[in-house]
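Here is what TrEMBL says about this protein:
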- 21-325: domain 'tRNA synthetases class I catalytic' (DOMAIN)
- Cys27, Cys220, His245, Glu249: Zn(2+) binding site (BINDING)
- 29-39: motif ''HIGH' region' (MOTIF)
- Lys280: ATP binding site (BINDING)
Amino acid sequence: MLRLYNTLARKVEDFKPLGEVVKIYTCGPTVYSFPHIGNYAAYTYWDLLVRTLKADGYKVKRVLNLTDVGHLVSDGDEGEDKLEKGAAREGKSPFEVADFYIDVYMENYAKMEFLPADVLARATDYIEADERAVDEMTAHGYTYETTDGIYFDTAKFPQYADFARLNLAGLQAGARVGFSTEKHNVSDFAVWKFIQPGEKHAMRWNYLGRPGYPGWHLECSTIIHETLGEPIDIHTGGVDHIPVHHTNEIAQTYAMTGKDLARYWLHCDFVTVNGQKISKSLGNTYTLDDLADKGFSAMDYKMWLLSGHYQGTRNFTFDSLTAAKNRRLNWRNRIALCYQVSEEQRQKLSEELHFAEILAAVNSNLNSAEAFALIDNLDLTLADWQRIDELFGLRLIADTPDISTEQYALIEERAAARTARDFAKSDDLRDLLKEQGIALDDAPNGTIWSYLE
Ligand code: AMP
Ligand code: ZN
């Protein structure tokens, strides 16, 4: 039985699907700059969630959005649109910026072995649906107009504070100073922004008789409405989404449809680097390419992420990444050992599968850390490793092919040289295999090979 920590209830609950197909939505990236390693935390843990559901036998429909409009640098209603900012920085149009970083994301998704989403929804493909959504909210009395947009009146939704357990009175009091906008309540938010005369905003659509663009939160409610239908089973995101973005999604969806948005809400915590927030000014915004330059693959980094629990802050250091890389090499060489056992041993081992224990650990609120500890200590067969690879997407087997018949022949030739006490030849053959990335270990009942890297 899969159990998940549900932010809605603030506790671990049994997962009970709403229908035949488990509907999942993940808030995706804003495609305006190179993603840093922290950005992969969510996608890694939610990829594990989908893989776990599949291992448990569920059918899954998963939607991931790509934010290419409306996400302002403040995460709220002030400041420049991140895409417009990227466009100014790169001397391109915001659409070109989005195209470029979507390609970057897709390349990195493949490197990280994430299962492709069933629907990859680009926010700008849903503008008409956004307009219909605003119409619905307005028809139901949830919005008001100001000079700079259409705002959601959070006072009209009494449950607004519930999801994030917000202290609205405190927020309101704290915001009095400098609270000079036309908003009725400090927690109100724009569902649609008008572009003022002279304002530079290349992404624009005519709605309500003037140019404008959707508010950031709207796209998720709209895309879910169009692609999955409410309520969905599981909505995922980062902990930073709880107080504003997800709170606003819930309010919008209720205002549009009168329905709850999702049954289970999952949030992962942040990655820090050397104990500090990832930020440009600290120079610790590593990308996957930066890690590759230092000799670490995307799979090493995924091993690092999965060695911890999604709900804890993960502190990244190169020492801990080295440990994750070594652990992965150790696992690969245990797979290599599976190729070297006798048929008789293989038969004996295959009667004793351990995968169920590993899946049980992951079913317990995605405890990949505990599952990894089990993998370290259990005696596993190739069949177990195949299923482990499917569950975590770590490319363990693909990166650990059996060696060639020529290489096996070299190992035998070396054994013969050793028997003949021709140590010079034996050493030469060992060196030859070493050049091919293969190490040899002389055990009492024969020579064992392993990968050096
Ligand atoms: P974006 O909209 O592309 O800026 O996505 C940023 C999202 O990535 C945030 O909302 C977070 O949920 C997540 N994120 C950003 N920094 C980190 C971090 N250091 N660790 C984990 N997740 C992060
Ligand atoms: Zn969202």
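The backbone N, Cα and C atoms fix where each Cβ goes, and this holds for glycine too.
Feature map: TrEMBL annotations on the structure.
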| residue | record | contacts (Cβ under 8 Å, 6+ apart) |
| --- | --- | --- |
| Cys27 | Zn(2+) binding site | Ala42, Asn65, Cys220, Thr236, Gly237, Gly238, His241, His245, His246 |
| Glu249 | Zn(2+) binding site | His217, Cys220, Ser221, Ile224, His235, Leu261 |
| Lys280 | ATP binding site | none |
Provide the three-state secondary structure of Cys220 (Zn(2+) binding site) computed with DSSP.
helix
Just to be sure I understand the contacts, which binding-site residues have a Cβ under 6 angstroms from any atom of ligand 2? Candidates are Cys27, Cys220, Lys280.
Cys27, Cys220
For His245 (Zn(2+) binding site), the number of other Cβ atoms found within 10 Å of its own Cβ:
20
Do you know the DSSP helix, strand and coil residue counts for the motif ''HIGH' region' (29-39)?
1 helix, 1 strand, 9 coil
Taking all residues of the motif ''HIGH' region' (29-39) together, what is their mean pLDDT?
95
May I have the list of same-chain residues other than Cys27, Cys220, His245, Glu249 whose Cβ is within 8 Å of the Cβ centroid of the recorded Zn(2+) site, in sequence order?
His217, Glu219, Ser221, His235, Gly237, His241, His246, Asn248
